[in-house]
Every structure is written in structure tokens, then in C-alpha cells.
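> According to Swiss-Prot:
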- Ser9, Lys41, Leu73, Lys87: substrate binding site (BINDING)
- Ser9, Phe10, His17, Gly88, Leu89, Arg90, Glu98, Asn123, Ser124, Phe125, Leu126, Ser127, Ser128, Ser129: ATP binding site (BINDING)
- His17: site 'Transition state stabilizer' (SITE)
Amino acid sequence: MSRAIYPGSFDPITNGHLDIIDRASKVFDELIVGVLVNPDKKGLFTVEERVELIERVVKDIPNVKVESFSGLLIDFMKKKQSQVIVKGLRAVSDFEYECQMSLMNKKLDPNIDTVFMMASAMNSFLSSSSVKQVAMFGGCIEGLVPEEVIIDIIKKFDKAYKNC
């Protein structure tokens, strides 16, 4: 059975993330969305909230599980008995960073491989940071994030929401 890990902060999950999850779930028997706990970073959502939001969004994809982890990704992968990392790429700049991370992971564990999936053209500009910025100023985030999480994001900001 092939099992892959799609790691990230997902703060918040975007339609770009969901696209990668959906496509990767068709390539691997099991996909674990690994939600990174970063104690040094104050996120918009707690790790528990992020896990719950993602679970809500992927509930109809039967071979996708969502779990949080802290520490090294390699350690989480060993615990989950996975040897494949899935990463989404939007631009060349993403590739440069992710290539370095892939090489580091390979150095830490030679059995680990990284599979890069290109973002769909309609999501190539999308990031969690840009979604937060738009939402912070009351802009429309419909089409940027799954419908199931729009209200949760809006509630985090004390702004009037503009419908599209």
C-alpha cells in the first residue's frame, strides 16, 4: 500500500491545498495531511482548529486522513510508515525552496522521496498569507478557500465581509 504525507501549516486551507489533496489522493492509496505545529509562530487558527477545518473539507475523500505533528517531518513519516512527501509548487521560487528541503530530507533519510505537484493554473497565485490579507481587510475570499471554511476565516477578523 502506498502512503504519502502532504505536510504544511494550512493556516488556512486554500483551494490550492485542496486541489493538491484531491489529486494526490488519486495517486496514493492513502494520503495523510500533516498539519505542522510550530510553537514559535502565532497562527490565525490553532492546530486543532486547522485539523478540524481540513477534516471538514476532505470528509468525502475516503483515503485522506488529517493529523497534526511537531518536530521533524522525517520523524512523523517514520511513525506513519511513509516514504513519500507530497509538495505543491506554484512558481520557480517554490521549487528552489522545496528542492532544498527535499535534499535535506533525503540526507536525513535516504529512503524518503518527494513528489512535486504543480499547482493548477487557477490556483498558482494562491497562498494562505494572501487569503489572510484579503480577509483582514474585509475582501471577498470566495473561490480562494473551500466554502466550508469561509465563515470560520471571516470570524477571525473583526471586519465587515464583502460579498463577491
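Each Cβ is built from the backbone N, Cα and C atoms, and glycine gets one as well.
Bear in mind that the values here come from a model prediction, so they are computed numbers and not experimental data.
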> Measuring Cα to Cα across Ser9, Lys41, Leu73, Lys87, which the record gives as the substrate binders, how far apart are the two most distant ones in Å?
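Among the residues the record ties to substrate, max Cα distance equals 21 Å.
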> Would you mind pulling the DSSP three-state label for Leu73 (substrate binding site)?
helix
> With Leu73 (substrate binding site) as the reference Cα, tell me which of the binding-site residues His17, Ser124, Leu126, Ser128 is the closest one.
His17
> Considering only the binding-site residues Ser9, Lys41, Lys87, which residue has the minimal Cα-Cα separation from Ser128 (ATP binding site)?
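For Ser128 (ATP binding site), the closest Cα among Ser9, Lys41, Lys87 is found at Ser9.
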> Where does Leu89 (ATP binding site) sit by DSSP, helix, strand or coil?
strand
> Fewest other Cβ atoms within 10 Å: which of the binding-site residues His17, Lys41, Lys87 wins that one? Let me know.
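Comparing Cβ neighbour counts within 10 Å for the binding-site residues His17, Lys41, Lys87 gives Lys41.
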> Of the binding-site residues Ser9, Lys41, Lys87, which one sits closest to Ser124 (ATP binding site) when you measure Cα to Cα?
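Nearest by Cα distance to Ser124 (ATP binding site): Lys87.
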> Please report the Cα separation of Ser9 (substrate binding site) and Leu126 (ATP binding site) in Å, rounded to an integer.
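Answer for this pair: 14 Å between alpha carbons.
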> Let me check the 10 A CB neighbour count of Leu89 (ATP binding site). How many other CB atoms are there?
18
> Check Leu126 (ATP binding site) against DSSP and tell me helix, strand or coil, would you?
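The three-state answer is coil.
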> So which one is it: of the binding-site residues Ser9, Ser124, Ser128, which has the fewest other Cβ atoms within 10 Å?
Ser124
> From the Cα of Leu126 (ATP binding site) across to the Cα of Lys87 (substrate binding site), what is the distance in angstrom?
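With distance taken Cα to Cα, Leu126 (ATP binding site) is 15 Å from Lys87 (substrate binding site).
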